[in-house]
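Here's the structure we're looking at; comments come further down.
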Amino acid sequence: MEPGTKMAAIVGPTAIGKTAVAVTVAAEINAEIVSIDAIQVYRGMDIGANKPTKEEREAVPFHMLDVVDPKESFSVARFKELADEQILDITSRGGLPLLVGGSGLYYRAVVDDLNFANGHRVDADDDEFHDMNDLELHKLLENLNHAAALEISPRNRRRVLRAIEVARQGDRLMSERQRSWSDYQSPYDARVVGLKMDRVLLRRLIDERVDRMMAQGLVDEVMRLKETGLERGTIAAEALGYRQILEHLDGEKTLDEAVDEIKRRTRNYAKRQMTWFKADPRVKWFDVGERPRDAADMIISTLKESANL
């Protein structure tokens, strides 16, 4: 990749409407969307991952969706490798890569070109972790990076595994990566915009999204995934929404309890996303409010002016 290659990104918390805004923006600036979502990479995990609609995919090109089977191991290092290939292809055709999503580490791995080449890639199928329960795995993370362990729940096995992977790179702890943005120089000429809104409104949108996912058939989707081999303890099965429905199907929770937990954990996740991205001084924030089209128009104007698009 040539130093200074142009790139844009739209980031922000879950349920805020990043995809809808991004489709409008991409159509105006000749951009192709590169999803930076840790769950949308999995095939068959559609409703719970809130993947783009058929109409959105037809409107503009999307990349990094449906690239791996949920039963397969997958890491941030592998994500970066595949995303880099897509970005190179887009730029070689004269297009603009537009990163869209809320997975902070995936975003940073690409934008700041984090080096995972010599690291140990961690996944739930590694022999070292296969027989470890959540608390044992979290204790391992605590020994590797106490600060990261304090910030991650033992129940979030996917994030614990990801943190172990990063900690084992040896060059910098995850907690330092998250806070010391100025320590890294992006190889891209990146323009990053963030979407924000009033907390009460975002909470309402989160609850509405979860209710919509249930109405669209999230339980049936998880049942199909389970029947085709998705097992608890794998990274994909730990995804927010999927874990709770699996616990319901296994008789550990009522459906109402599972839905309430999904809503609560999604709200907490949105808070963590905002904390992550607010620490990045490159992000220019736009208030979406209840008029996302206005925000899209302002973003288009900003990107055209700042990046000479």
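Cβ atoms are placed via backbone N, Cα and C, with glycine included.
Curation plays no part in TrEMBL annotations; they are all automatic predictions.
A quick note: this is a predicted structure, and the numbers were derived from the prediction, not measured.
Annotation source TrEMBL lists ATP binding site at Gly12, Pro13, Thr14, Ala15, Ile16, Gly17, Lys18, Thr19. Annotation source TrEMBL lists substrate binding site at Thr14, Ala15, Ile16, Gly17, Lys18, Thr19. Residues or ranges marked as site 'Interaction with substrate tRNA' in TrEMBL: Ser103.
On the structure: features taken from TrEMBL.
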{"residue": "Gly12", "record": "ATP binding site", "contacts (Cβ under 8 Å, 6+ apart)": "Lys18, Gly102, Gly194, Leu195, Lys196, Gln273, Met274, Phe277"}
{"residue": "Pro13", "record": "ATP binding site", "contacts (Cβ under 8 Å, 6+ apart)": "Gly102, Leu195, Lys196, Leu202, Tyr269, Ala270, Lys271, Gln273, Met274"}
{"residue": "Thr14", "record": "ATP binding site", "contacts (Cβ under 8 Å, 6+ apart)": "Asn50, Gly102, Ile206, Arg209, Thr266, Tyr269, Ala270, Gln273"}
{"residue": "Ala15", "record": "ATP binding site", "contacts (Cβ under 8 Å, 6+ apart)": "Asn50, Leu202, Leu205, Ile206, Arg209, Thr266, Ala270"}
{"residue": "Ile16", "record": "ATP binding site", "contacts (Cβ under 8 Å, 6+ apart)": "Leu195, Lys196, Met197, Leu202, Leu205, Ala270, Val288"}
{"residue": "Gly17", "record": "ATP binding site", "contacts (Cβ under 8 Å, 6+ apart)": "Leu195, Leu205, Val288, Pro292"}
{"residue": "Thr19", "record": "ATP binding site", "contacts (Cβ under 8 Å, 6+ apart)": "Ile33, Asn50, Pro52, Glu56, Val100"}
{"residue": "Ser103", "record": "site 'Interaction with substrate tRNA'", "contacts (Cβ under 8 Å, 6+ apart)": "Ile36, Asp37, Ala38"}
Around the substrate site (Thr14, Ala15, Ile16, Gly17, Lys18, Thr19), what further same-chain residues have their C-beta within 8 angstroms of the site's C-beta centre?
Gly12, Pro13, Ala20, Asn50, Gly102, Leu195, Leu205
For the ATP site (Gly12, Pro13, Thr14, Ala15, Ile16, Gly17, Lys18, Thr19), what does the 8 A shell look like? I mean other same-chain residues with CB within 8 A of the CB centroid.
Gly102, Leu195
Count of other CB atoms lying within 10 Å of the CB belonging to Lys18 (ATP binding site)
26
